[in-house]
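J.: Below is a structure I'd like to ask you about.
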Amino acid sequence: MNSMKYRDLRDFLTLLEHKGELKRISFEVDPYLEMTEIADRTLRAGGPALLFENPKGYSMPVLCNLFGTAERVAMGMGQKDVKALHDVGKLLAFLKEPDPPKGFRDLLDKLPKFKQVLNMPTKRLNTAPCQEHVSVGDDVDLTRIPIMHCWPEDAAPLITWGLTVTRGPNKERQNLGIYRQQVLGKNKLIMRWLSHRGGALDFQEWCQAHPGERFPVAVALGADPATILGAVTPIPDTLSEYAFAGLLRGYKTEVVKCLSNNLEVPASAEIVLEGYIEPGELAPEGPYGDHTGYYNEIDMFPVFTVTHITQRHDAIYHSTYTGRPPDEPAVLGVALNEVLVPILQKQFPEIVDFYLPPEGCSYRLAVVTMKKQYPGHAKRVMMGVWSYLRQFMYTKFVIVCDDDINARDWNDVIWAITTRMDPVRDTVLMENTPIDYLDFASPVSGLGSKMGMDATNKWLGETQREWGRPIVMSEEVRTRVDKIWDELDILGP
């Protein structure tokens, strides 16, 4: 893997600007709806990251569309192109289940990976850029930050790219997660985390171990790209997001202790919110336009009280919006798809490709191609996808095809479904499984069904009929026509 040349978000923006991948907008633009519309049009056109230098009513610039193309996601991970993200996936697969060296030569081959692991511990600083300016007590005022109000029916401005830092009572390592946060007032936010996410689990364990005590929380905004992407990558449970960021970056992640608690935050973050969650303090969150393309339901979530705001001089507020794909989460999903393939292949070597179509809201539908080896094999792979990584807990549909099908070509996939499937025999239905809270199509919030589709050629034991043979032109004729094709001049120049 390549080492990055940027230590913080500003270094990355300098690189993007040099490559023509950042557009500075000096025109006055309103964080209320206007930024969303501009960012959405830009993303759909494959355009650059946007730095709104003159937000209406604010002096702090707003960064949007940072990871609006898969290529910029790859750059953020220190890779030259999207395909190189396979290397990131191979490293994660190795860390998830490391293979012992089989001999001296194999040890030499594995040395680069072991060397990268040395960059995993964090580097703790006594002073840091993220604490150059400090607001405490009555000076804490979230309304001074140009937090975007993304859609007309949204309940309030919404923080979208905050890295929430928590630690459970019995854990050495911290958890970094990205959870949206509704603004309630000048020092109050609603922390919308689902019950299975790391931050929520830390909070549950804290409440059991320290009933009635305040739970420390920090939220970092505008961290370096390796740390941001580390928070959205399917890393092993035993590996911290800071450690993974160190692997990506090629050197240790620099952190600093919060002023009000013992949590450690990215030293180069643009803004850090410190505070606590009071057990039992809840508030109705939503509705908000989400990555599904719909407004979600209102539900109760914990309230995060902000006691300190620390920030860099001339801080930049990093933001995004979510909406019907494509949006920034969908683009991230396309890029991270390349990371997932080697991780799955480590556990299931028969898998040839794995694809999460962005129009399927990034994770709700998966297409798998495989080298089938025995009757019922496709169903085993379905179950494996649903159970191996918790990222696929909410995947509603899994389609399994043979390796002669291109998982990323709907023409191929639909042909396989319509010619190789019997709806009753080849469909697996499961009820009462975990489903995304945002999926209003499920009969009960958080609980719904899943469908697996076996679109592979059927083997003896799976069918009693003679199976069809695909039509393929003879290689001799194809070669002959290749030679005379230009002379035929059928399609013109």
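Glycine is no exception: its Cβ is also placed from the backbone N, Cα and C atoms.
Features from Swiss-Prot:
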{"type": "BINDING", "residues": "N175, E241", "note": "Mn(2+) binding site"}
{"type": "BINDING", "residues": "I178, Y179, R180, R192, W193, L194, R197, G198", "note": "prenylated FMN binding site"}
{"type": "ACT_SITE", "residues": "D290", "note": "active site, proton donor"}
J.: Given R192 (prenylated FMN binding site) and the residue listed as 'active site, proton donor', what distance in Å do their CA atoms have, once rounded to a whole number?
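T.: That comes out at 13 Å between the alpha carbons.
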J.: CA-CA, which of the recorded positions N175, E241, D290 lies nearest R197 (prenylated FMN binding site)?
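T.: Of all the candidates listed, N175 is nearest in space.
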J.: Give me the largest Cα to Cα distance among I178, Y179, R180, R192, W193, L194, R197, G198, the residues the record lists as binding prenylated FMN, in Å as a whole number.
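T.: Pairwise Cα check on I178, Y179, R180, R192, W193, L194, R197, G198 gives a maximum of 14 Å.
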J.: Here the binding-site residues are N175, I178, R192, W193, L194; which one has the lowest number of other Cβ atoms no more than 10 Å from its Cβ?
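T.: Minimum Cβ neighbour count within 10 Å, taken over the binding-site residues N175, I178, R192, W193, L194, occurs at L194.
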J.: Rank the recorded positions E241, D290 by how many other Cβ atoms lie within 10 Å of each Cβ and give me the one with the fewest.
T.: D290
J.: For the recorded prenylated FMN site, enumerate neighbouring residues of the same chain (Cβ within 8 Å of the Cβ centroid of I178, Y179, R180, R192, W193, L194, R197, G198, site residues themselves excluded), in sequence order.
T.: T164, G177, M191, G199, A200
J.: Out of R180, R197, give me whichever of these binding-site residues has the highest number of other Cβ atoms within 10 Å.
T.: R180
J.: Cα distance, E241 (Mn(2+) binding site) to I178 (prenylated FMN binding site), nearest Å?
T.: 12
J.: Measuring Cα to Cα, how many angstrom lie between Y179 (prenylated FMN binding site) and D290 (active site, proton donor)?
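T.: Cα to Cα, Y179 (prenylated FMN binding site) and D290 (active site, proton donor) are separated by 12 Å.
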J.: How far is it from L194 (prenylated FMN binding site) to E241 (Mn(2+) binding site), counting Cα to Cα, in Å?
T.: 19
J.: In whole Å, note down how far the CA of R180 (prenylated FMN binding site) lies from the CA of D290 (active site, proton donor).
T.: 10
